[in-house]
Amino acid sequence: MHKVVLLRHGESLWNMENRFTGWTDVDLSPKGIEEARESGKTLKAEGYTFDCAFTSVLKRAIRTLWIVLDELDRMWIPVYKSWRLNERHYGALQGLNKAETAKKYGEEQVKIWRRSADVRPPALEKDDPRYPGFDPRYADLSEEEIPLTENLIDTINRVIPYWESTIAPTIKSGKKVLIVAHGNSLRGLVKYLDNLSKQEIMELNIPTGIPLVYELDDDLKPIRHYYLADEEKVKEKKELVENQGKIQGNS
């Protein structure tokens, strides 16, 4: 049996302001730093240790990982960063307040943009300053790989090849792996692992800063999964995520 731990980064400054973030490189809020620290302490108390870690190229995930590894006294382990673990690209919605967007377009439309598997938000133009092609961290990507907007399926289509080519073989080799990423890149991975339907994934929220453990068989098929937190805390944090797209959302 193998175990892999998935962790959504702690609350970011734009999570705090209830804004669509996507590929915007926003740092952790003070609360997010504390969430990351608590995650590290929880993993340490539960006896978890890691041989290597995977994360995105966005600082809110990277910093969460740093803090967790610091708590575990494992800052020396190899860390692999890939744009394929980035948050879903929210197109022209990036930077907009979710509650104000719900007021303008309706809560149902915002829920569809945020949660559906196959609907893309309005796209960026290539001359928009927010276009990732202007960012040096994506200099090695082809124009086709750089998104103007993404739905969840698009996100899955970049996450899963990285899982299959790089992360899965690492787990199969016997290494203990930690993945620190984002709400939608992790939702995509969970959809793949648990073979969830489009409707099931639309209702799935992953809370910030709570380790999610997957126990996998030798073929990396899930045996079971669980959060390292009590049910009430998980429920409360999931509701915070869900309420972000509502007119009164203020998470």
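Each Cβ is built from the backbone N, Cα and C atoms, and glycine gets one as well.
Copied from Swiss-Prot, the annotated features are:
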| type | residues | note |
| --- | --- | --- |
| ACT_SITE | His9 | active site, tele-phosphohistidine intermediate |
| ACT_SITE | Glu87 | active site, proton donor/acceptor |
| BINDING | 8-15, 21-22, Arg60, 87-90, Lys98, 114-115, 183-184 | substrate binding site |
| SITE | His182 | site 'Transition state stabilizer' |
(request) Taking the Cβ of Gly183 (substrate binding site) as the centre, count every other Cβ atom within 10 Å, in any protein chain shown. (result) 21
(message) Check the DSSP secondary structure of Trp14 (substrate binding site), expressed as helix, strand or coil.
(response) helix
(request) Across all the protein chains here, work out how many other Cβ atoms are within 10 Å of the Cβ of His9 (active site, tele-phosphohistidine intermediate). (result) 31
(message) Within its own chain, what residues at least 6 apart in sequence put their Cβ under 8 Å from the Cβ of Arg88 (substrate binding site), listed in sequence order?
(response) Gly22, Glu150, Asn151, Leu152, Asp154, Thr155, His182, Asn184, Ser185, Gly188
(request) Provide, as an integer number of angstrom, the distance between the C-alpha atoms of Glu11 (substrate binding site) and the residue listed as 'active site, proton donor/acceptor'. (result) 13
(request) Could you tally the C-beta atoms, other than its own, that fall within 10 angstroms of the C-beta of His182 (site 'Transition state stabilizer')? (result) 27
